[in-house]
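Residues or ranges marked as active site by Swiss-Prot on the basis of sequence analysis: D128. What Swiss-Prot records for L75, C76, H77, M113, E114 is substrate binding site.
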Amino acid sequence: MPELTHFDAAGQAHMVDVGGKQETRRIAIARGSIRMLPETFALIRDGNAKKGDVIGIARIAAIQGSKRTADLIPLCHPLALTRVKVDFELDDTLPGVHCTVQVETLGRTGVEMEALTAVQVGLLTVYDMCKAVDRGMTITDVRVLEKHGGKSGDWVAG
């Protein structure tokens, strides 16, 4: 079983030293969903939410979230991201919204945390903008779908 890299031999938390690693192209794709009442879904779909363009604002929030990951997750390295692509898919069968984020960098450590943070912040923004009409919304199934680059190579969720 692989070791936990954020702890030293004495069990103390530390930021991993990535100084000796090769810079490679790193890509991570994460996805999550938010379930809601059909009426809430209709407000988003039809562009009638009182706070404005829910998906447009959530997209900007997701991008901002990816860029602020190191400020939120204590042992994450601050990274110079080269690309953040955010897609929202309206799904009337949930009913709800799926958020998929692809994050890229040229660096020494992966961008999985940035992709996960972006998804969460995007979905939290949907919740924030619609909570006045639906406090029962549920954020669910947030996970990494793919990771590419680095020493460990490619990984795709099964």
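Glycine too: its Cβ is placed from the backbone N, Cα and C atoms.
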Other CB atoms, at most 10 A from the CB of D128 (active site): 14
Residue, out of the binding-site residues C76, M113, whose Cβ gathers the largest set of other Cβ atoms within 10 Å: M113
Cβ neighbour count within 10 Å of L75 (substrate binding site): 13
Site extent for substrate (largest Cα pair distance over L75, C76, H77, M113, E114, Å): 12
Packing count at E114 (substrate binding site) (other Cβ atoms within 10 Å of its Cβ): 27
Cα-to-Cα gap, D128 (active site) vs E114 (substrate binding site), nearest whole Å: 21
Cβ neighbour count within 10 Å of H77 (substrate binding site): 15
